[in-house]
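Below is one structure, written out as structure tokens; comments come after it.
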Amino acid sequence: MDGFAGSLDDSISAASTSDVQDRLSALESRVQQQEDEITVLKAALADVLRRLAISEDHVASVKKSMPSKGQPSLREAISMSCITNGSGISRKQNHTSSVSIARKETLSSAAKSGTEKKKEKPQGQREKKEDSHSNDQSPQIRASPSPQPSSQPLQINRQTPESKSSAPIKSIKRPPTAEKSHNSWENSDDSRNKLMKTVSTSKLISKVIKNADKHKDVIVNQAKMSTREKNSQEGEYIKMFMRGRPITMFIPSDVDNYDDIRTELPPEKLKLEWVYGYRGKDCRANVYLLPTGEIVYFIASVVVLFNYEERTQRHYLGHTDCVRCLAVHPDKIRIATGQIAGVDKDGRPLQPHVRVWDSVSLTTLHVIGLGTFERGVGCLDFSKADSGVHLCVIDDSNEHMLTVWDWQKKSKIAEIKTTNEVVLAVEFHPTDANTIITCGKSHIFFWTWSGNSLTRKQGIFGKYEKPKFVQCLAFLGNGDVLTGDSGGVMLIWSKTMVEPPPGKGPKGVYQINRQIKAHDGSVFTLCQMRNGMLLTGGGKDRKIILWDHDLNLEREIEVPDQYGTIRAVAEGRAEQFLVGTSRNFILRGTFNDGFQIEVQGHRDELWGLATHPFKDLLLTCAQDRQVCMWNSVEHRLEWTRLVDEPGHCADFHPSGTVVAIGTHSGRWFVLDAETRDLVSIHTDGNEQLSVMRYSVDGTLLAVGSHDNFIYLYTVLENGRKYSRYGKCTGHSSYITHLDWSPDNKHIMSNSGDYEILYWDIENGCKLIRNRSDCKDIDWTTYTCVLGFQVFGVWPEGSDGTDINALVRSHNRRVIAVADDFCKVHLFQYPCSKAKAPSHKYSAHSSHVTNVSFTHNDSHLISTGGKDMSIIQWKLVEKLPVPQNEVITDASVTKTPASSSETARPSNSPPLPPSLPLTGTAEEESRMGSSPTLVENSLEQIAEPSEEQSEWGSEDLGVVIDEEPASELSETQGATELPEEERGITPLC
């Protein structure tokens, strides 16, 4: 204890009453001494407040006498707000006296008052207008930042000028304990210094805030920011807050006045051009051939119409989340697609629904089921006997509600609970308009529909083995029902017209009259062909079998193992047929010639993306261990290679000859970009590698890891030889992004705890303590999500994980951002104002994991995480069109077109924009937007105008912190699925 020399034996102390009394006396003396110190402290504090008031009065008078924008008051008031977070400094200008509150090495540093001499201003540091003005009456104000410790990347040290009479005091870094012992109480100035280090800042803050009330009109725009993201400016830096943590970003020297910076919408926009991939992993019966020669299927929230002969795609873009099922109208033109529930950009739920749309014009005809379905739409079917007037739907609720709709009137006719077990299919009988059949786990139900009532009759298996799953339905020419089950058996159900014995059930019950062993493993899909023959697809055996009119096996063919098991079979042109597989392939084949791949994609979560430095190529890698090279002009796969580890990140060498791929285990591979041969393999740590980045000349490679280190390698022979150069150590969390300087001497990096650190690579990969030294570096690439040039892309109230990737275009005009809310954003570059506006686009149905521009900035590539999609966007520019130009749609209100889009750099004619739907319900109006033509962009019609940011309304106080809805399981009781379905988890 203080006040005692040495230590006392506990037994003697306890036994001696006199020692206890001595201790109490010493404690009383110390308490009295501390009370005296507090009294002196209060006096010093009063003096500090008096000096602050005088300084503010002087600044106010200077403001009135000079034609300025109130910069001194703005900086002064915001600096005070920085003190409240323990991370700022106060800078005053006074010809009589001034107070400097300077940062030390800890966040709770105190301030020194009044006697320090002015410091020399470092070369390149900018002077303020008010500084030069006050120089007429007082010494020139100068500032000198001091180095920062790596463990406190958000701290800023700044020395401020004092009066002419102040004595020189050196700025020396020392531990707080040493500094405390160095100070003395011999004079009033030193006494105040000591007291300012021990005083609680809360009372000072309250006084400072009161004194700053006069500046409320100046800082109102800053004050409206939420406490979770509050920008503050003092001289040379901007500070934003994320989850309560301050992030400091130094302003480049070429910014003369931060208040003059304006961030607007970029003239460039995005138009969806191509979608790579297909969702077959956890869906069924979702591939069909239309009379237009197009294959219709879906992935993410996009329904794709692909003409495999002309190699063109069109896209229906009306859905707001995962599309889960698809049905084609008997006229083969109209299509119904169902989606799951989702959330909008503000976290509000988007209800599951069915959209009926025209496959020729891509216009939405009707939106059905808003507020009716729960979780999602599992399966649906158009009626056939009455030419498709009605639509039946099974939702994903626990009761799996069956509803029948007059879809043209959007009216629900009948509704009933089916079962708590999984329902896999629903179909109208093709000749009996009043019969609906559902099947699923251990059941098949025959429903009689009459008016607004539905009556259920359960199929009885009797002497036949009851299957675990009845997986699919089809109808024979005589009206019999054909089912395929998990045992590989086809059952024929015939409707008996014999009057049953009393009490044995009603007339017209479906009974089994024949059983056929069709496949080893499950019968996954049935397809009735136009000529009356039947195609079946097996699960485990991967066979496509053709059956004649009497259900005798005629021909068969096996799908190669690398494509996976069969999920969908559809009739194609002539003798062709289409097959969708569990590994997300769509194959076109015949029994004579075998199979040809038409569509393919990744089959597990996708993160890695890199674009070629000078060719129209892009590379992706995913958790499925596939590395794929795509041609962005011909829209096809160049090559694919299976590696030993799940891939997570990638980057091309500037020569374009090799590409580096980082994996989840710390290993990284270098592959030849032409031959896909393995060039090199290395290991750095045993955790996930999050970023690979070559320097601009390709002589160095930086590898960012989840073990908090950045590993540096020298690169020789155009990327074919690597040797360890060094390691950057200093981050307190995993590396997320990094960028190189043009001279290869510096790296900027971000980490999982929102650090922005800079590294001196030339001098041994050392951490640069004085981060302001790097504020003027023009980075070769910009992929870091935190930095002065890009911090405006962050939403208010962000938890720091909302943005997964960011990339600046090569021409430095725009920034593309991938977020956790299924959106791709396009911002202007630089983006240095909070809540900057952006163009926003929807097509993904999962978190968008990565974005990258092609080498000539003609296209942007985005990747979806769990939706496994790769989407190629074309950059276009807006051009005005006549105000009286309108587009007519059966369900769209005539609206003057405000703009059109033409491709940049081509000179194609203007394209008509998409138009909003008319509707009575607000929810339906919001969700009813759909594309009119394929050329339309994906911007949501019912979202706020682009003059407002995606992240909120014009009210800066809005905080958006809701999380997206949790993913829904496709089935309950997945553990009981057939063998070929086990382990398959639904994507949404």
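Note that Cβ sites are derived from N, Cα and C of the backbone, with glycine treated the same way.
Here Swiss-Prot gives coiled coil for one range in the set 14-63, 614-663: that range is 14-63. Record note: of S741, S908, Swiss-Prot gives the feature phosphoserine to S908, with no matching annotation on the rest. In Swiss-Prot, the feature phosphoserine is assigned, of S138, S144, to S144; the remaining candidates carry no such note in the record. Swiss-Prot marks one residue of S79, S442, S582, S705 as phosphoserine, namely S79.
Residue counts for the repeat 'WD 12' (771-829) under DSSP, split into helix (H, G, I), strand (E, B) and coil, are 7 helix, 18 strand, 34 coil.
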